[in-house]
Amino acid sequence: MDTTLPPGADGVPTADAGGRAMPLIGFGTHPMRGDQATEAVLTALSVGYRLVDTATRYRNEAAVGAALAATDLPRSDLFVTTKMPPDQVGRERLTLERSLAALGCDYLDLWLIHWPPGGYPGVTSWREFVRAREEGLVRAIGVSNYSVALIDALHEETGVYPAVNQVQWGPGDHDPDFAEAMRRRGVVLSAHSPLRSTDLDHPVLVDIARRYDRSARDIVLAWNLCHRVAVTVKSAHRDRMERNLSAVGLTLSPADVEAIDGLSTAVTAR
Ligand SMILES: NC(=O)c1ccc[n+]([C@@H]2O[C@H](COP(=O)([O-])OP(=O)(O)OC[C@H]3O[C@@H](n4cnc5c(N)ncnc54)[C@H](OP(=O)(O)O)[C@@H]3O)[C@@H](O)[C@H]2O)c1
C-alpha cells in the first residue's frame, strides 16, 4: 500500500469528485452558527483550508456565506459543500436556491442529500440533483450516510452515481469492503466526525502517536488520508485547525495503517 500523498494546489491533496478536484481535508462547520461560524471559517481559510462543509440543517449557511464574502480568496480556489435535508424532498430547487442565496454563491462545488429520505434512495431528489448539475448550479452531486445498496438504487434508476458519499468514518468504522465498493463505483469516500467517533485513548493509537511524536488525533486524520479517504474536521480554535491540517504532511507506515485498520468494530456490510 502506498501511503504517501501527492500534494495538490495549496499543498492539500485532492480527490476527483465527478471531475472536480476536491481537497482531501475540509473544514466542518457544525454546530457553529452566527459570528462564531463566520470567524471560524475565515480563520480556517487563513490557515489553509479550502473546502468548507455546511448544510441547510446546520442553520449556518448565511454565516458561512459572510465568511466567503469577506475572504480575499477567489471563489475558484474554494470548494463549498452543502447538504439538502431529506425533509425537503419535492422542494429541491427551492432548497438549492436558498442555499445559494445564503452562501452568496452562484454555484456549489458539491451538493449532498444529507441522509436517505425515509431510509429510501430518494430517486426523485436525485433526478433534481442531476438537473441542477446539468444546469451548472452545482459542480458535483453526492450523498451522505448512504449504503452501497441505496447508491446502487440511485444508479439503477438514473444511470448516475454520486460523486461523493460522506459517512461517519474513523478507525472504529473501518470497513474495507465498503471502501472498495465506493472505489469501484467511482464514489469518493468522505469521512465526517473522524475525531469525535474515535476512542482517542485506545492503546494502539496512543502507541503510534508516541512513536511519531504526534497526537492520536493527528494519527486518525493521517490514517484516513493514507487511505485516500477525504476528511471533514471541525474545530473552533485556530491552533487546532492548524494542527489538524498538518496531518496532511504525516505519512504513516503501511504496518501502522494496518494496525489502525484492526481497530474496526464494523460488523455488518453497509
Ligand atoms: N453528513 C453528516 O451527516 C455529518 C454528520 C456529522 C458531521 N458532519 C460534518 O463533519 C464535520 C466534522 O465532524 P464533527 O464536528 O462531528 O466531528 P470531528 O471534526 O471529528 O470532531 C470535532 C470535535 O473535536 C474537537 N477537536 C477538533 N480538533 C481538535 C484538536 N486538534 N484537539 C482537540 N480537540 C479537537 C472539536 O472541538 P473544538 O471545536 O472545541 O476544537 C469538536 O468538539 C462537521 O462539522 C460537519 O461539517 C457531517
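Here the Cβ of each residue, glycine as well, is placed from N, Cα and C on the backbone.
Unlike curated entries, TrEMBL annotations are predicted automatically.
For Y58, the entry in TrEMBL reads active site, proton donor. Residues near Y58 (active site, proton donor) in space but far in sequence (CB under 8 A, at least 6 apart, same chain), listed by position: T29, H30, P31, R33.
For H114 (substrate binding site), the same-chain residues lying six or more positions away in sequence with a CB closer than 8 A to its CB are A55, T56, R57, K83, M84, P85, P86, S144, N145. Per TrEMBL, the feature substrate binding site maps to H114.
Residues or ranges marked as domain 'NADP-dependent oxidoreductase' by TrEMBL: 27-263.
Annotated site 'Lowers pKa of active site Tyr' per TrEMBL: K83, in sequence order.
Secondary structure from DSSP puts H114 (substrate binding site) in coil. Counting every protein chain shown, the number of other Cβ atoms lying within 10 Å of the Cβ of K83 (site 'Lowers pKa of active site Tyr') is 25. On the 0 to 100 pLDDT scale, the domain 'NADP-dependent oxidoreductase' (27-263) averages 97 in this prediction.
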